[in-house]
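What TrEMBL says about this one:
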ACT_SITE  D60  active site, for OMPdecase activity
ACT_SITE  K62  active site, proton donor
ACT_SITE  K62  active site, for OMPdecase activity
ACT_SITE  D65  active site, for OMPdecase activity
BINDING   D12, K34, 60-69, S117, 170-180, 193-194  substrate binding site
DOMAIN    6-209  domain 'Orotidine 5'-phosphate decarboxylase'
Amino acid sequence: MEKNTRLILALDVTDRDEAIQISEKVAGYVDAIKIGYPLALATGMEIIGQLSKYAPIIADFKVADIPNTNRLICEQVFKAGADGVIVQGFTGHDSLEAAVKLAKEQKKDIFVVTEMSHPGALDFMQQAGEGIAKMAADVKASGVVAPATRPERVTEIRKIIGNELSIISPGVGAQGGSASDVIKAGADWVIVGRSIYQSDEPDMAAKKIVDEIKEVI
Ligand code: NUP
């Protein structure tokens, strides 16, 4: 993924035409489009190929299974045309290694969730976040997913993973996080969904975030 605008669109709409229209509008402002279960379940996996002409696609399937199943899932997602897959880290090193090995063979990316951005992540996930970040660095994943809602945690995670891995960070806008704050804290990309796709002018909403990021880099 080329580091250009530092914005990744989270396209959690459930209508194919709407997904395509929004992608067309924002293509110039995003470095990637992240799709997840809402869109893939509503439209089928073909949507990945259809959207990949606008931007690289990151499939946010938060894969969390045994090594063999992780590999089988990632195989299908890459076959559908995705450039990257988001996997959970809490399943441990062998599950993660299976996904990373396959991704490396296919020159694709694996992003590992460290701790999630919502309040409930404090119940269980946060305690594991630093260990997961270290594991992601050890197995040489492409990057981690860390919360824009807690920029101080992004800074902590950056210290653990160093500069080889990327940080992609959701939680900007609708969840209360700030794009400029989390970029300053050490994120490489922000992931933004509702603030863009629910806007009457998604392209202008995206541009505003890109301009905000440019101010601080
Ligand atoms: O910790 C995470 N938080 C999060 O919001 C990990 C994620 N993958 N996400 C995803 O980012 C979430 O599923 C959604 O697709 C996007 C944020 O969307 P929004 O809050 O900007 O609408």
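A Cβ is built for glycine as well, from the same backbone N, Cα and C atoms used for every other residue.
A Cα-Cα distance of 14 Å separates D12 (substrate binding site) from the residue listed as 'active site, proton donor'. Mean pLDDT for the domain 'Orotidine 5'-phosphate decarboxylase' (6-209) in this predicted model: 98. Comparing I66 (substrate binding site) with D60 (active site, for OMPdecase activity), their Cα atoms are 18 Å apart once rounded. Proximity of the recorded positions (D65, I66, G177) to ligand 1: a Cβ under 6 Å from the molecule is found for none of them.
All protein chains shown were included, and the count of other CB atoms within 10 Å of the CB of D65 (active site, for OMPdecase activity) stands at 16.
Among the listed recorded positions, namely D12, D60, the Cβ with the most fellow Cβ atoms inside 10 Å is that of D60. Looking only at the active-site residues D60, K62, D65, the one with its C-alpha closest to G173 (substrate binding site) is D60. Taking Cβ-Cβ distances under 8 Å and a sequence gap of 6 or more within the same chain, the neighbours of G177 (substrate binding site) are S117, P147, A148, T149, P151, S169, G171. Each residue contributes its Cα atom, and for the residue listed as 'active site, proton donor' and G193 (substrate binding site) these two points are 16 Å apart.
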